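Asks: Below you'll find the structure I mean.
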Amino acid sequence: MKNEDGKLKAMIFDIQSFSTHDGPGIRTNVFFKGCTLRCPWCANPESQKGNPQLLYTKMKCIGCMCCARACPYGAVSAITDPDEIKRVGYVHHDRSKCDKCTTHECLSACFQEALSIAGELMTVDDVMKKIDRDAVVYRNKGGVTVSGGDPLLHPDFLEELLCRCHEKAYNVALESELCVPTKNLERVMPYIDYYYTDCKIIDPVEHKRITGVSNDIILKNLRLIGERCPERMVLRTPIIPGFTDSDENIDGIASFAAECHFPTMNILPYHKLGVTKHERLGSTYQLPNVQPPSDAQMHHLADIIEAHGVKCIIN
C-alpha cells in the first residue's frame, strides 16, 4: 500500500523496544497486522485482521458514556444488567461499525483511557525512526524482529524495511507462519539472519480443519529454507492439548525437521494469555476449558523430537 506521496505503508499494531524474545540479545519487535491462519488458541487475536480494531478495557471503564456521545455512528450502547456489566463491562460496541470507523473520536473522549486502537498505517520511515532510536542496544547481538500477524503479507514494505536494516548492519529475525506465496519469502531471504516459524500440525487435512488453511505452502516454504540456510531456522510447535499434542503429530513434525536439517525445535506449552485480548476485542475465546500440558508431557514430547536427532528446547 502507498500513500499520496507514493511511500509504502503497512498496518502495524505494535513496536516493542527492549524485547528479549524471538532472536538473540535485546531487540526491537515490529508487529504487522494480518494473518491467513485462524488458530483457535491465538494469543494475539488483534493481529489477525488487516484493519485497525477497537480495544476496550472493561476494568478502566466507569460507564460515563462519554464515548457514546462522541461516536458519530451510534456504535456504542449502555449495558444495564448487573451480571452483564460484570462479564463484559458498562458498554457494548457494534464492532461492524467500529471496524469501518476512521476518526476514532471515542478515544479522545475517554479520559479513563479504556479505549485504544490496534493498528496504525506507518511508512518505512516511521518504523525506522523507532528502530534507530534503539540502535545502541543492538551492539551485543541484538537487532530487529519482524513479527505479526505475518509480515510476509506486506512484501513490498517488508523488503524496503529489511533492506534499510541491512544497510545499517542490524541483524534481523523473521517470525512468520510462512503461509504466503513463496515469492514473498524469496524477496526478503537475503536480509534474514534468523527464522522463527510454527509447524503446528503436520497433517494437511487436520491443519486445514483446525486453522482454516492447508499447510502445503507452509511446508514448501520451510523446505526452501531447509535447502538454503537450515541453520538459521528455529522450528516451533505450540503444544495445545487435544489439537497438537499427539505423539503422532510431534513425531511427524520432528521427522520433517530432521529432513530439512533444522537443528532445533522449540515446543511451547499452551497458555491463556490470549483470553484478555479476546475480551478487549469483543470476541469469544474458543478454548476456555483447555488446560496447559504437564511438565511430564512436555518432556515426553521432547524425547520424541530428540530421537530424530533434533535438539528440543521447552520454552
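Glycine residues also receive a Cβ, built from the backbone N, Cα and C atoms like all the rest.
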Asks: Which one, CYS101, CYS110, CYS163, CYS165, is listed by Swiss-Prot in the same [4Fe-4S] cluster 2 site as CYS61, CYS64, CYS67?
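Replies: Between CYS101, CYS110, CYS163, CYS165, Swiss-Prot records just one in the [4Fe-4S] cluster 2 site with CYS61, CYS64, CYS67, namely CYS110.
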Asks: What parts of the chain pack near the domain '4Fe-4S ferredoxin-type 2' (89-120), using Cβ distances under 8 Å and only residues at least 6 beyond its ends?
Replies: 11-14, 33, 46, 49, 51-58, 60-79, 281-282
Asks: Applying a 10 Å Cβ distance cut-off over all chains shown, what neighbour count does CYS61 ([4Fe-4S] cluster 2 binding site) have?
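Replies: Around CYS61 ([4Fe-4S] cluster 2 binding site), other Cβ atoms within 10 Å: 19.
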Asks: Cβ under 8 Å, sequence separation of at least 6 from the ends of the domain '4Fe-4S ferredoxin-type 1' (52-81): give me the contacting residues as numbers and ranges.
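Replies: Result: 11, 46, 88-95, 97-101, 103-106, 108-120, 279-282.
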Asks: Round to the nearest Å and give the CA-to-CA distance linking CYS110 ([4Fe-4S] cluster 2 binding site) with CYS199 (S-adenosyl-L-methionine binding site).
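Replies: Taking the Cα atoms only, CYS110 ([4Fe-4S] cluster 2 binding site) lies 41 Å from CYS199 (S-adenosyl-L-methionine binding site).
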